[in-house]
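Participant: Before I ask anything, let me first share the structure, which is written out below as structure tokens.
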Amino acid sequence: SGAGVVERLEENGHQNKRLKRGADEEDAEDQSKKSPKRKIVLLMAYSGKGYHGMQRNVGSSQFKTIEDDLVSALVQSGCIPENHGEDMKKMSFQRCARTDKGVSAAGQIVSLKVRLIDDILEKINSHLPSHIRILGLKRVTGGFNSKNKCDARTYSYMLPTFAFAHKDHDVQEEVYRLDRETLDRVNKLLSCYKGTHNFHNFTSQKGPRDPSAKRYIMEMYCGEPFVRENMEFAVIQVKGQSFMMHQIRKMIGLVIAIVKGYAAEAVLERSWGEEKVDVPKAPGLGLVLERVHFEKYNRRFGNDGLHEPLEWAEEEEKIAAFKEQYIYPTIINTEREEKSMANWLSTLPIHDFNSSAVEMQANNRNSKNSSDVDGSDGCGDDSD
């Protein structure tokens, strides 16, 4: 009889646990149903290495994207129902920029409707890998769309400074240090991009008379060089209204070709004309979406008493720490191991900066470079 009592107690104990677990799940469901759905933006940072860009390709599981991991975390944390993960339109999801394969971000913005659950950021981050973080959240107007409301985007491009060494100089990559005169020349050339120009030569599949090939660049410059693990690097910053596929990489590629002595300065001016010009495309490694700007939205809604301006001064420290921990080491280590810049520089002599359009088309057909599929500055969303 003693054994029977123990058995009954155990049975009741298990039953109580089962009932408790069922009740907990129901409570969580009730809690999420009670939580109101609101339009928000999330400030995201991620290291893009190993991902096929930001944008999710539903039904294509072989190419993993940043949004695959993000949507999974949103579902698991209870912010969105599972069926919203399968059809992202249901949560009005929109990314600000479609960063491409291998490209990182320190200040990507996505807008979507979620249930405002308690400790929402901690819960989402607990289901994300450490190289993807949600660093901030703000409420926005119901009709907000992160892509359409964005006035400008700032990208950075981190590269080893030996990329600017003249082609006639025998350079040891780790020993090379950028001199002031060369840095000044780089900045003089980069500043030529400022203003509105026809960038049809800096992307593919755009003709010289396509109005959407005209783009407005607000600023572009190269910062002071710095040494990491015995190699000197520098960071180029570019801010523009929007960018087309490969545009930033080609803008930087042409400046490198001029500084190294492969192309004349006149090629830069010529590239904005109707003539087809052979513009080399720098490697995708090193490109980072730094921040996105919502100046018009902030003026209209940022101080209306209901919404905050979409500025992230309080998150700056977290952004800087993330870059130091995940983005910069990835760029530096990959450059050292895979030598993407050194390998690309060796292809510059193949380019013919004086060839005609007919010659170029023949050359392109004969030598399709495999790096074409390797990613872009990831602004395909903004091109049209």
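Each Cβ is built from the backbone N, Cα and C atoms, and glycine gets one as well.
All annotation found in TrEMBL is predicted automatically rather than curated by experts.
Here's the feature list from TrEMBL:
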type: REGION; residues: 1-35; note: region 'Disordered'
type: ACT_SITE; residues: Asp100; note: active site, nucleophile
type: BINDING; residues: Tyr155; note: substrate binding site
type: DOMAIN; residues: 193-295; note: domain 'Pseudouridine synthase I TruA alpha/beta'
type: REGION; residues: 363-384; note: region 'Disordered'
Participant: Rounded to a whole number, how many Å is the Cα of the residue listed as 'substrate binding site' away from the Cα of the residue listed as 'active site, nucleophile'?
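Facilitator: Just about 13 Å between their Cα atoms.
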Participant: For Asp100 (active site, nucleophile), what is the tally of other C-beta atoms lying within 10 angstroms of its C-beta?
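Facilitator: By my count, 25.
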Participant: Averaging the per-residue pLDDT over the domain 'Pseudouridine synthase I TruA alpha/beta' (193-295), what integer do you get?
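Facilitator: Residues in the domain 'Pseudouridine synthase I TruA alpha/beta' (193-295) carry a mean pLDDT of 95 in this prediction.
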Participant: DSSP-wise, what's the residue breakdown of the domain 'Pseudouridine synthase I TruA alpha/beta' (193-295) into helix, strand and coil?
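Facilitator: The composition, in the requested order, is 26 helix, 33 strand, 44 coil.
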